[in-house]
Each structure stands twice: as structure tokens, then as C-alpha cells.
């Protein structure tokens with residue numbers, strides 16, 4: 001009866017609220033997603049003697065540490081050439097180990113450059129670096145080369161004081177430079193050796209000022225956050241998969257073929273399941289450097305599917321009966337979304353795709369690459385905002401369409417009028433939830449793009465805590481779960497006598513189903529909002 005129905009709905013609502021409170025309380029104290037560790041490079045001396053010993057890698061500390069100098073004044077006093085100086089950095093710090101739970105390692109570089117009247121930084125000067133990366137899993141084993149490359153980075157430095165002899169020795173203020181990104185942290189120890197070769201004839205490393213030190217910042221994902229993230233994906237995968245199978249089974253049991261709206265909801269469930277599958281567990285045991293790129297591809301597919309769904313979801317409640325249920329009607333909107341997603345994929349492949357072979361590569365290293373990357377992020381943010389405004393306009397049209405259809409409700413019987421009023425209320429609530437979900441998705445997308453490149457934006461930094469990150473991910477899953485639950489065809493039927501205005505037989509219950517669909521055709525709201533062909 002109605003009373004029992006309301007009690008059940010109340011219990012479900014209160015139970016959902018309790019679950020959400022527990023989730024937000026847990027993730028509010030979850031560890032930060034990433035950790036930054038600062039390093040100061042040690043200046044090692046590469047002598048002919050060490051070459052004869054066959055030593056290729058220079059350790060800054062430990063039993064096999066290199067021969068070191070404190071500064072370049074000492075090197076000049078000992079007549080050590082710049083080509084024989086190697087900047088060595090060991091990751092992590094002494095008495096610590098890296099872990100596969102860190103998932104990735106991003107390294108940022110900064111030069112400490114002193115001002116000299118006779119050796120100033122020239123405009124557009126490039127620093128040429130001969131860089132090498134090695135790894136080992138034991139302090140007793142030999143270093144194994146992981147990558148080696150010759151890289152160029154453009155200096156962007158500013159000297160705030162007056163350029164006079166009195167201010168010699170003061171440091172330039174130099175921007176952070178992208179240095180390296182590794183998509184897997186499969187080894188315990190890493191070693192970086194950086195050389196700054198000088199060749200006056202070829203103008204290599206000429207006019208770059210007097211470099212005093214090299215500082216590095218290593219950023220990696222927190223192990224605690226990784227475990228929370230993996231556990232969340234492991235829990236959500238079967239949940240969405242089960243409701244998706246149940247949803248499609250309900251549709252296939254119907255006598256009619258599925259409509260476009262039902263197909264797109266099922267496709268959304270598939271994309272959500274695809275991004276949920278916790279394949280990251282394998283990255284703990286295997287050195288899969290392509291996991292970052294694969295994760296970006298999965299998220300891009302979900303973005304494209306979610307944005308396309310919202311357009312079709314609103315559009316199907318605006319079209320008349322002759323136009324709806326045809327995917328070709330939305331080719332302009334969906335085509336634009338697919339094109340934007342393809343551009344995202346190309347942009348990602350231009351950096352992370354190349355980094356699979358050369359972890360020192362960065363699209364931000366050149367002027368053209370920096371301008372393209374900045375323009376891409378800005379245009380992507382603008383397009384995301386324009387999409388949200390267009391979606392708001394479509395939702396407004398849907399609400400106006402529903403308000404126009406409400407004029408036919410007073411002519412219905414009381415039971416049927418209550419039934420449709422309940423459906424309209426739930427549908428409007430779902431549309432508002434859709435708008436809220438879209439707004440949070442757009443905000444998350446923009447912040448993610450800025451946060452991923454915040455080291456390249458100068459002094460402006462955007463922090464994304466774990467509660468926001470996991471909260472958005474949980475919101476997507478809950479939204480997709482609710483869609484499949486609400487739009488699964490109901491097994492309840494409304495008697496013919498109700499639709500003809502007759503009084504139901506004694507003892508027959510009028511039940512207001514929590515779903516929005518009907519067994520004999522498309523959704524009742526779907527049929528109600530659509531205009532008849534003869535109109």
C-alpha cells in the first residue's frame with residue numbers, strides 16, 4: 001500500500017544519507033594525493049681516474065660516493081673544467097625507499113644562478129643538459145641505466161635588483177622547469193646524473209649566467225592515498241557491474257526494442273565500469289610505465305560518454321515523436337564532443353606518449369610547445385564552461401516543456417494525477433542532480449588541467465585534496481547507478497481502467513513506482529514531454 005511504499009522510500013533515503021556521511025567523513029581525513037620532496041644536487045668530479053675504473057654513475061653519498069666539490073670556486077682553484085662536473089641526485093633521501101604504491105614520479109628542476117656583470121643571462125638562452133637516469137633495488141647492486149638523453153630547457157629568469165657590480169653574487173629569480181616524468185615507480189632507488197657540457201665554438205651553454213646549484217623537486221603519489229583509491233575502485237566495480245547487468249536484463253525482457261535513451265544509459269554504464277576496473281593493482285607488481293597514459297585514455301572515454309549522454313538525455317525529452325530515438329539527430333553535438341576528446345588524446349600522446357621512450361621529454365620545454373599547451377588548457381576550460389551553459393539552457397527547455405504538459409493533469413483521475421505528479425517531481429529532481437553533477441564535473445576537469453600543469457604557471461598553485469578527488473569519482477558512480485535504477489523498466493502495470501478514468505476494483509492497490517519507466521513503452525515522462533506527430 002501507499003504507507004508501506006513511503007516507509008520503504010524513507011528507509012532507503014535515510015540509509016543513503018548515512019552511507020554518504022560515512023564516505024565523506026572517511027575521505028575528509030584521507031591522506032593527501034601527492035607528496036613533494038626537495039633535493040639539492042651534489043657536485044661530483046668526473047676525472048680521468050674514475051674513467052679508468054669504469055665508473056659510469058656518480059653517487060652523492062654512501063660507501064661508493066663520488067669525489068665532491070663544494071662550489072665552482074673550488075673547481076676553479078683545482079682547475080677542474082665544467083665538462084668534468086656532474087650534478088648527482090639520489091632519489092629518495094638516505095635511509096628511505098621508493099615504492100610501487102607511489103604510482104608515478106614527476107621531477108621539476110630549478111637553477112640557482114648568480115648575477116655577474118661579465119656573465120649575464122642572455123635573452124632566450126638555452127641550457128643544454130646531458131642527463132641520465134639509473135635504478136637499482138639493493139644498495140649492494142650495480143646501477144642499471146633506465147634512460148639517457150640530451151635535453152634543452154629555456155631559462156626564464158628575472159633579476160629584481162639593479163645590475164651593478166655592487167649586486168654581483170645575488171641570485172636571479174628563475175622559473176621552475178619541467179625535467180622528468182616516470183609513469184611507474186617499480187624500483188627502490190633512482191639516481192640522476194646531470195652534466196652541463198660547455199662548447200664555446202658551438203655556443204653550447206654560453207650566456208646562461210653563473211650556475212651555482214641545481215635543485216630538484218620530486219613529486220609522487222602517496223602510498224596511503226593509492227591504497228584508498230584502489231580499495232574504492234575494487235568496491236565500486238562489482239556494484240556498477242551488477243546494476244548494469246540487471247538493468248539490461250530488464251530491458252531485454254520487454255516486448256519492444258530498447259529506445260535510444262536506454263541504450264545510451266547502458267553505454268554510460270559500460271564506460272563507468274571500464275574506468276572502474278582496478279587494473280592499477282597490476283602496476284604494484286609490474287613495471288607498467290604506460291599506466292598514466294592508459295588512465296588518461298579511460299577517463300577521456302568516460303568524459304566523452306558522460307557529456308554525450310547529458311545532451312541526448314535532455315534532447316530526448318524535447319524532441320517530438322518523429323525526431324526522437326534517432327542518434328543522427330545529435331550528430332553535431334556528439335561530433336563536437338568526440339572531436340574535443342580526440343584533441344585531448346592527441347595532446348596527451350604528444351607528451352606522455354613520447355615519455356614512454358624518453359621520460360625527460362616535455363611539451364613545455366619549447367616556446368611553441370608551451371604556447372600550444374597553455375592555449376589548449378585555456379580553450380578546454382572555455383569549452384567546458386560553454387558546454388555547461390548550453391546544458392543549463394536545455395534543462396530549462398525541458399522544465400518549460402514539462403510545465404506546459406502539466407495543464408493536462410487536472411483532467412485525469414486522482415490516482416493517475418498523483419502518479420504523474422510523483423513522476424514529474426522525481427524527474428525534475430533528477431534533472432537538478434544532473435546539473436549539479438555536470439557543474440562539479442566541469443569544475444573538476446578545469447582544476448585537474450590547471451593542477452597538472454601548475455608547475456608551469458609560475459607562482460600560482462592549485463591544490464586538489466583527496467576528499468574532492470575521490471568525492472567526484474564517487475559522485476559519478478552514484479549518478480550512473482541511480483540512472484540505471486530509475487530507468488530500468490518497471491514490472492508494475494497500471495490498469496486499463498485507470499487510464500480510461502474508471503475507478504479501480506476494490507482491494508487493488510495503486511502503487512507509485514520509484515522508477516520512471518514503463519514496461520509497455522518508453523518512459524512515461526519521455527512520452528509525456530514528447531509532442532505528438534500531429535501537433
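Each Cβ is built from the backbone N, Cα and C atoms, and glycine gets one as well.
Curation does not apply to TrEMBL; its annotations are automatic.
As annotated in TrEMBL, transmembrane segment covers the listed stretch 372-402 rather than the other ranges in 186-216, 372-402. The range from 159-180, 467-488, 489-510 that TrEMBL describes as transmembrane segment is residues 467-488.
Note on TrEMBL: of 330-347, 348-365, the range annotated with the feature transmembrane segment is 330-347. Tertiary proximity for the transmembrane segment (372-402) is limited to same-chain residues at least six positions away from its ends with a CB under 8 Å from its CB atoms, namely 307, 310-311, 314-315, 317-318, 340, 343-344, 347, 363-364, 424, 427-428, 431, 434-435, 438-439, 442, 445-446, 449-450, 453, 456, 525, 528-529. When Cβ-Cβ distances below 8 Å are used as the criterion, the transmembrane segment (330-347) is approached by residues 297, 300-301, 303-304, 307-308, 311-312, 315, 373, 376, 380, 383 of the same chain, each at least six residues removed from its ends.
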